[in-house]
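Novice: After the structure tokens below, expect a handful of questions from me.
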Amino acid sequence: MNQEVMNLFNPQVPAQTFDSIRISIASPEKILSWSYGEIKKPETINYRTFKPERDGLFCARIFGPIKDYECLCGKYKRMKYKGIICEKCGVEVTLSRVRRERMGHIELAAPVAHIWFLKSLPSRISTLLDMTLKDIERVLYFENYIVTEPGLTSLKENQLLSEEEYMIAVDEFGEDQFTAMIGAEAIYEMLASMNLEKIAGDLRSEMAETTSDLKQKKLMKRLKIVENFMESGNRPEWMIMKVVPVIPPDLRPLVPLDGGRFATSDLNDLYRRVINRNNRLKRLIELRAPGIIIRNEKRMLQESVDALFDNGRRGRVITGANKRPLKSLSDMLKGKQGRFRQNLLGKRVDYSGRSVIVTGPELKLHQCGLPKKMALELFKPFIYARLDAKGYSSTVKQAKKLVEKEKPEVWDILDEVIREHPVLLNRAPTLHRLGIQAFEPILVEGKAIQLHPLVCTAFNADFDGDQMAVHVPLSLEAQLEARVLMMSTNNILHPANGAPIIVPSQDMVLGLYYLSIMNQNEPGEGMAFSDMGELHHALETKAVTLHAKIRGRYKTVDAEGNPVSKIYETTPGRMIIGELLPKNPNVPFETCNQEMTKKNISKMIDTVYRHCGQKDTVIFCDRIMQLGFSHACRAGISFGKDDMVIPDTKVKIVGDTEALVKEYEQQYNDGLITQGEKYNKVVDAWGKATEKVAEEMMARIKAVEFDDSGRQKPMNSIYMMSHSGARGSPNQMRQLGGMRGLMAKPSGEIIETPIISNFKEGLTVNEYFNSTHGARKGLADTALKTANSGYLTRRLVDVAQDCIVTHTDCGTDKGLTMTAIVDAGQVVASIGQRILGRTALDNIDNPVTGERIVDAGRMILEPDVVAIEKAGIQSVRIRSALTCEIQTGVCGVCYGRDLARGTPVNMGEAVGVIAAQSIGEPGTQLTMRTFHLGGTATVVDQSFLEASYEGTVQIKNRNMLRNSDGVLVAMGRNMAIQILDERGVERSSQRVAYGSKIFVDDGDTVRRGQRFAEWDPYTRPMMTEVEGTVHFEDVVDGISVLESTDESTGITKRQVIDWRSTPRGTDLKPAIVIKDKNGNIAKLARGGEARFMLSVDAILSVEPGQKVSQGDVLARSPLESAKTKDITGGLPRVAELFEARRPKDHAIIAEIDGTIRFGRDYKNKRRVMIEPAEDGVEPVEYLIPKGKPFHLQDGDYIEKGDYILDGNPAPHDILAIKGVEALASYLVNEIQEVYRLQGVVINDKHIEVIVRQMLQKVEITDAGDSTYIVGDNVDRIELEDVNDSLIAEGKKPAFGDPVLLGITKASLQTPSFISAASFQETTKVLTEAAVAGKTDNLQGLKENVIVGRLIPAGTGGTMTQIRRIATARDELILEERRKGTGAESATPMLAAMANDPAAAE
């Protein structure tokens, strides 16, 4: 009852609905229209009465009453006087909450520049006035006068005059001949007198005339700002303020502390400062004070307003009493603690609690154990309501008492309330969406939350003291979503790769693995069982053991559902697992008739999920978990020190390697190899030795041994744990029982002396010391990288947040070509893995039989993948989010399968956020895991090619010679060895490095795993193709070549040094020339002379006058020594790729096909030209720093996209030269390589979604008849819209090239300014948006979260869609009514709209 009465007097104002938010510069009139009165005094509250002072910063007359419906002097109290203004104190009688919304203002005695438009770079004021920021500051801060109207004097407009110069000018010309002003008034006058249309016209004509790039850019920037002002309706002089708004007092509160002191918001101090200076200035002007004093006061006023808006942006930071900088208005918005990120994007919520988690193995997958005390607190309101409804209590107070006393009926009611009411569990850090899942609560005693063991992987939780938070979804809709979308039973697959994530781990795996072992000569071997009853009986009586080889009948059903059975050779343990498998013709007994390692269990769950559906999978998982736990317990697997086996051959292997290392030392001492080569070889030798010891150890541990009775001995426990995937890796076993191997220094270099001992033997002091390096680096890395990884995720989410599935099909004919990824002869990602769940772009036919496998536009499913791989198809064109042509978001067909559901993706799925989480989540995982190996190093270098298929060799661009040893050597730069199968279909194609030894020739057959090429990974050779005598050119000792003698060996080597560093060497071009027997320079086969240019650091392998034959090495350039690769290099690498940074020494890529020619050299650059192969193409020239290792020779043929200079290519170059598809495959492969090294599987489509967001902008190359300027960066969508309207009017459309933006830049350039401002550089984004008068249409997720609406994804997306259709429908009906034809004709259109939401737009 009371509630209804209250509602009478306190009507809820209906919430404003709006579709967009616009931001612009406030004019003084606007500020006054917001204001409820001017603030004249700096006082806040009266220190005796604690009432606000009149006209002060908390004035009740301006801002409203302090208590609800009560004026300040107390004359009018209560509701009945609502709306009356008290004649004594002038306060309106109303709600006190108006103090949160009413604003005031301060009339400034002198105008003041707004610091954002002055100092936020690029400065808007200085760009508009076309003056430097320094000059404007001089005028604003009263250092110089500026001439605004020169009259007939010799002064120029906008000329700065110092005090003395001004005085002199006044003396010379007289005071009224010219006008010079100072301070913000001057800038105000100049801005107010600007004619924007005229300026824009002048700028455009000037741009057409100018030729210099720099000037063009400068004019363009200015033109852009001028046009922004014209379009937005802002006036330039509004950037100078004459009125300062004062925010409502309850947003800058003054709180009494105990002890009579007050805590105040910093803003009050800043406002007080402004008011004080303003009042003083007013008085000084009234008193006609001397100019210098007034100027000083004006300057101080300007500074205090600056501090109010953005403290510390200019000059000294204003500090409070305790030397702490005061928080200005800008600081309220900026950064992690600012309004956006602290209060709008991440709020704390009510109805939540947190506690420690413990394991709950007896729970079902959809349940969690909730402590009773916690549940009682969380569900209090529900309990009160139910107590009231059941008549246990009549008032809330009584209900409260009952609950506090914990009466028995309360517990019964709690049970009722909780039943079927899901709660959300969340474990921080929430790295992906599986970090929050819904469960049904089960009440438990104690104070710990019980968590189902199978969901630990998803939460990345363990039970060593982790805590989790519980949240209660309140509304019916929230409960529904929690149940339907977030329930743990609905999240069986991992959104990043589509593999099951509800997988047994640790104990469970060990138990299942133990259960599925098959041993020889066990009791009961060879028995046969017809059903499970017999089997259990035999096991009970110990007639047979779990691991015996038996024959058993497995009962299942066929496709029609009739029972069938078949006899398998298996073990009782496997039969027990088979008993749990759902009966389905597609889930054969073979899925569990094998050793159940973690991988196989995952595959088994995957099979069950794909064929039996979700419900069966959940039941199956629960039963598998129970089985795993019970058998892990019964097996009693444990290990002691004797389980770590040290191989007997270790001593010999170490001895051999030590001898080898001695030999390398000797070679180095004899000068046959350099220091660097020796280092590489030693490291290599020890690396191989470590591997060998590890292999021997594994062989020993794996070995099957029999006891005296001929029964197989039990398996080694450590091996069981590692092999099953329960705990421990071969690497850790190697350190326990093999040898620890090589260690890395913190810099990433490898220490030459390895650790020969293992942990069982114990380390020597030196070894221990060496190993501390790596271990400490691991710990330091972890701390640093966690932060970096989180930041990467944040940037990814920000760039991709508005990528949502908006349509079913965009109908594009573009796509990407997918092929298998082969690395070092191993297939790392088969074509099947890459195309599964994607949509085929073209029809896929079997190349031999010609039968159709997949129709174009259909999704490629598991059976299709098998067929495609069987048919030996090498490349498949698929649709991709990257090439999707929908304007906003992506379409379902281009995206393909929703990995977390295994079905085509739903409308409204937020695929951008999922992609960002999938890429960011492993980043953190990996960085947290670097140190487990204790910094054990691995050398990663490939030096050979192996055939990955059988078939016939075909060599593309064949260019080989036999050298003096009779071995074939590759002399071509773009030679590729292809392997064809018997049908002549290409199975693999691999490029061969220059100088490789080739062991096959055209037409040879190879078998799988056969080596067909190898090379030295540490040096790059320079070889001759003609025979003759060696001569040196410009090889001058001490200038271009240094002969260094190694002290320890007395051997000299000649190495090319940087010859440009000495004055005498600037014009040298060191080269080796081959002359024929007549003493003339030999001719090469392809034309040109046999002159080989040397690059810095090359080591000469020949002497002058030496005879050489084809294929001999003249010189070799060392490559840097192998550094170890781990994700530490990996995470920054991923960030570098997503930020699209140019690598430090980036590769130079050929822009056209053609022949290499050397031109005239510059001082320290070498000029390389490409003569185009086709006519009508301009030759391209490149300048290459002379010292760079440059391996092309005059006359080499090079293809478009080949590297002229090695290194990492810049992604922008790939985009410009080879196009979007090449860029996509480069970025996807490079990023995937980093993750693959760590064994993380991420689906390509996630990376493609992010790359799509990086390619949203276009740079205008031809403006056509549009208003764009060449060089403008515009949104792709915007350009398409403009072009459509231009073409409709019969005008010339504009053209542009796609631009690649890094993720930070792309996030800041989103169409939504709210989203950009909440990401980074808040002040800059808001300044820019205000000048341009931008409108935010609230299309992404972030903007909607910030303004507090449902996000336009998932269920929210559907609501938005319905709302949109409804408005369209209303408009249509109104339109029809207007025409006067009645509403009938609109109905068929509406029906069509309801069926196809896309049409409604």
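Cβ coordinates are placed from backbone N, Cα and C, and glycine is handled just like the others.
Marked as Zn(2+) 1 binding site by Swiss-Prot on the basis of sequence analysis: CYS71, CYS73, CYS86, CYS89. Sequence annotations record features per position, and here Swiss-Prot assigns Mg(2+) binding site to ASP462, ASP464, ASP466 based on sequence analysis. The Zn(2+) 2 binding site annotation in Swiss-Prot covers CYS810, CYS884, CYS891, CYS894, and the record cites sequence analysis as its basis. Under the heading compositional bias 'Low complexity', Swiss-Prot lists 1391-1401. Here Swiss-Prot flags 1378-1401 as region 'Disordered'.
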Novice: In three-state terms from DSSP, label CYS891 (Zn(2+) 2 binding site) for me.
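Specialist: DSSP call for CYS891 (Zn(2+) 2 binding site): strand.
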Novice: Round to the nearest Å and give the CA-to-CA distance linking CYS810 (Zn(2+) 2 binding site) with ASP462 (Mg(2+) binding site).
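Specialist: Cα of CYS810 (Zn(2+) 2 binding site) to Cα of ASP462 (Mg(2+) binding site) measures 45 Å after rounding.
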Novice: Tell me the Cα distance separating ASP466 (Mg(2+) binding site) from CYS89 (Zn(2+) 1 binding site), rounded to the nearest angstrom.
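Specialist: A Cα-Cα distance of 59 Å.
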Novice: Rank the binding-site residues ASP462, ASP464, ASP466 by how many other Cβ atoms lie within 10 Å of each Cβ and give me the one with the fewest.
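Specialist: Least crowded of the binding-site residues ASP462, ASP464, ASP466, by Cβ count within 10 Å, is ASP464.
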Novice: Please give me the CB contact count at 10 A for CYS884 (Zn(2+) 2 binding site), counting all chains in the structure.
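Specialist: Its Cβ has 26 other Cβ atoms within 10 Å.
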Novice: Could you give the Cα-Cα distance between CYS894 (Zn(2+) 2 binding site) and ASP462 (Mg(2+) binding site), in whole Å?
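Specialist: Cα-Cα distance, CYS894 (Zn(2+) 2 binding site) to ASP462 (Mg(2+) binding site): 38 Å.
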Novice: Given the binding-site residues CYS71, CYS73, CYS810, CYS891, CYS894, which one's Cβ is surrounded by the fewest other Cβ atoms within 10 Å?
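Specialist: Relative to the other binding-site residues in CYS71, CYS73, CYS810, CYS891, CYS894, CYS73 has the fewest Cβ atoms within 10 Å.
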Novice: For each of the binding-site residues (CYS86, CYS89), count the other CB atoms lying within 10 A of its CB, then report the residue with the highest count.
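Specialist: The most densely surrounded of these binding-site residues is CYS86.
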Novice: Sort the binding-site residues ASP462, ASP464, ASP466, CYS884, CYS891 by C-alpha distance from CYS86 (Zn(2+) 1 binding site) and give me just the closest.
Specialist: ASP466
Novice: Return only the integer: C-alpha distance in Å from CYS891 (Zn(2+) 2 binding site) to CYS73 (Zn(2+) 1 binding site).
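Specialist: A Cα-Cα distance of 65 Å.
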Novice: Whole-number Å only: compute the distance from the Cα of CYS884 (Zn(2+) 2 binding site) to the Cα of ASP464 (Mg(2+) binding site).
Specialist: 46
Novice: Roughly how many Å separate the Cα of CYS71 (Zn(2+) 1 binding site) from that of ASP462 (Mg(2+) binding site), to the nearest whole number?
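Specialist: With distance taken Cα to Cα, ASP462 (Mg(2+) binding site) is 59 Å from CYS71 (Zn(2+) 1 binding site).
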Novice: Please report the Cα separation of CYS73 (Zn(2+) 1 binding site) and ASP466 (Mg(2+) binding site) in Å, rounded to an integer.
Specialist: 56
Novice: Taking the recorded Zn(2+) 2 site as CYS810, CYS884, CYS891, CYS894, identify the other residues of that chain whose CB atom sits within 8 Å of the mean position of the site's CB atoms, giving them in sequence order.
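Specialist: In sequence order, the nearby non-listed residues are HIS807, ASP809, THR812, ARG879, ALA881, THR883, GLU885, ILE886, VAL890, GLY892, VAL893, TYR895.
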Novice: Can you name every residue in this chain, apart from CYS71, CYS73, CYS86, CYS89, with its Cβ inside 8 Å of the center of the Cβ atoms of the recorded Zn(2+) 1 site?
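Specialist: Close Cβ neighbours, site residues excluded: ALA60, LEU72, GLY74, LYS75, TYR76, LYS88, GLY90, VAL91.
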Novice: Beyond ASP462, ASP464, ASP466, what residues of that chain have CB atoms within 8 A of the centre of the Mg(2+) site's CB atoms?
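Specialist: The surrounding set, listed in chain order, is ILE357, ALA461, PHE463, GLY465.
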